[in-house]
């Protein structure tokens, strides 16, 4: 009895018959019939020369193909499969449990591995390789794209020649490479070689530990470096470069802005083309430069070139330790200052304050618009003032001090002589050591030592002195003081308005008819009409009488003084007693106030302790410690209450002492001193209590601060858990997409599933493979939890970076956009898979065309019908057997 063949056998027979019909050489077609294969199980199917199917339900179709153990499937020349593996394609290998290999030379050698594409390789548990020459050798790794490589456990590579070669690495994009553990590289040519590093964008490079790089051609080569923007470079540990072509150097430097450069340690550059080259330098603005250590440049075109220099304002310049503030201000010498629009301080410690001010002398000071201090240690104060002489001083608008050590004070005052002084509006001192005091006071000669005091003064001879309005001095070494005073004789002195000194070496304090002078002092005549001065001898007798009277009065005054002293002593003692009592009362009142303050503080402390106890409910691990500290506070409060009780007792003692002091003043003084000492001691002790309470309050505040910090940490952990949830959501989306793509693969293989029943089992195994992938994702979630635990351990270090992380939150948005781009890339890969399906359809069309060509060959073979009669008969026999099989299958 003939055994009926199964559906698989019928399909194999159909394939064999078709092969015979299409064979260009019917003579050689005999080797590829189903009968040429070896099936060792009753449910196994082997079709093809030397094909081998040894397991239950296994299928082997193709020359030299083998399906070892069931239900393995091998379709294609030299294809091999084992266990429940599925190998489809020439030399395809699926050699383990649930492995799937589709494509010429495709290899899936580990349990649940999946490889699709010519020469693709999946060699680790759950690994997935999709694309020509794609390689996935890490546990649960995936490589999608031509020549893509994923060698790290749980690594993923997506794109042409993308490489993920470390644990947890992700590479998305053509030639993208993620070689650091848990690193991420997204973008064409992106490289992430540092552990936990992130590189987003074309040709980006993140080689530092925990480095982040976003933007075409950007790079971060050191630990915790951040580079955001096309061409941005982070060149130091924890340095940040944000902006197109921005550069940050060593030591936590920050560059923010297009072409900004912060190359100094801990430097800051903010703005277009800003530079901070010195350690700790700060440059803010556009085209600014801070090249000195600790220098500051703020404003468009500002330059701070020296150490510790400050340049504030557009186009300002400040050199070493100098300060320039205001548009175009300059401080170009050591310790110099330029403050104001166009202010210039260009010598050592020179100071210029005001618009268009210049301090060009060493240690000079110039204050006032358009003022100039060019002399060494010179100074100007006032608009348009000038000090050109060394150590000169010009004070007032348009004042001028041109002489060495000269002083000009007043509007338009001028001191041009060395050591000269001009005081007053339009005063002028032209002579060396000359002095002009008053409005329009002047000396026009070059003689030294002249003095002019008053309005409109003219001193025109050597050693002359003028003081007053319209004074006249014509004598050598003469002096005139007062309005209209005249000293015409040599060595004469005229003092007073209108005084005349016409005699040599005389002093005149008046004039004829206006006597008020002393002339040639000698014994004068005493009389009603005398104008002479009285000398000492004429006053002697009078002085004697006066002295006697004074002596007697002095004796009386002495007695009165003694009496008054005694009265004063008693009054002072009474006053001291009154003052002491007032002081004591004040101290007691103050003490009461301080006790009230202590009570208030105690009440506040109790309230705050209640708040602390409420907060401690959320942090049970600190309850014991806080309880101990609260106990200490209660002990301190108990001690305070005891001190207050003692204070009341001691105050009662003071009151008793004061009662005794009423009868005896001396006792009061002694008791008062004792009371004051006790009150002082009590005040000191109360102060100690206040200090202890303050310490307790401070410590309670520390606990509250710690609780606030704990709450902040909890909030931060919540945020990070949210981030993990977001990441898991993204992973789930990727799994969904992968499921869709696998669905597409299943659709593409649906024809084979219909034609080969064993393929259905293989696809079920593929679904199990997806379930294993989900298990791997769960394992990844567990690893993420482990990472979270490790991150909690290093939270103290991360706290310092919270501010910087906040600064790059906007960059994270860009990262999310980049991830969206990666998603689009995955979609494109899906489209590519669809295109591959289309290519398969095209191949099928090509096969149809080959069939047409075979028909043509058949027509051609008709001409050789005589020679092929035997072969044709064999073909007819095979067709008959196929019809019989069809009938039996029906």
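Backbone N, Cα and C define each Cβ position, glycine as well.
Here is what TrEMBL records for this protein:
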SIGNAL    1-29  signal peptide
DOMAIN    39-65  domain 'Trimeric autotransporter adhesin YadA-like head'
DOMAIN    85-106  domain 'Trimeric autotransporter adhesin YadA-like head'
DOMAIN    108-134  domain 'Trimeric autotransporter adhesin YadA-like head'
DOMAIN    136-162  domain 'Trimeric autotransporter adhesin YadA-like head'
DOMAIN    164-190  domain 'Trimeric autotransporter adhesin YadA-like head'
DOMAIN    192-218  domain 'Trimeric autotransporter adhesin YadA-like head'
DOMAIN    225-246  domain 'Trimeric autotransporter adhesin YadA-like head'
DOMAIN    252-272  domain 'Trimeric autotransporter adhesin YadA-like head'
DOMAIN    290-316  domain 'Trimeric autotransporter adhesin YadA-like head'
DOMAIN    349-371  domain 'Trimeric autotransporter adhesin YadA-like head'
DOMAIN    416-441  domain 'Trimeric autotransporter adhesin YadA-like head'
DOMAIN    474-499  domain 'Trimeric autotransporter adhesin YadA-like head'
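Tertiary proximity for the domain 'Trimeric autotransporter adhesin YadA-like head' (290-316) is limited to same-chain residues at least six positions away from its ends with a CB under 8 Å from its CB atoms, namely 264, 267, 269, 274-284, 322-331, 334, 338. Per-residue confidence over the domain 'Trimeric autotransporter adhesin YadA-like head' (225-246) averages 96 (mean pLDDT, predicted model). Of the Cβ pairs linking the domain 'Trimeric autotransporter adhesin YadA-like head' (192-218) with the domain 'Trimeric autotransporter adhesin YadA-like head' (136-162) and spaced 6 or more residues apart, fewer than 3 are under 8 Å, so the two regions do not touch. Helix, strand and coil residue tallies for the domain 'Trimeric autotransporter adhesin YadA-like head' (416-441), in that order: 0 helix, 8 strand, 18 coil [DSSP]. With DSSP classes pooled into helix, strand and coil, the tally for the domain 'Trimeric autotransporter adhesin YadA-like head' (39-65) is 0 helix, 9 strand, 18 coil. Taken through DSSP, the domain 'Trimeric autotransporter adhesin YadA-like head' (474-499) splits into 0 helix, 8 strand, 18 coil.
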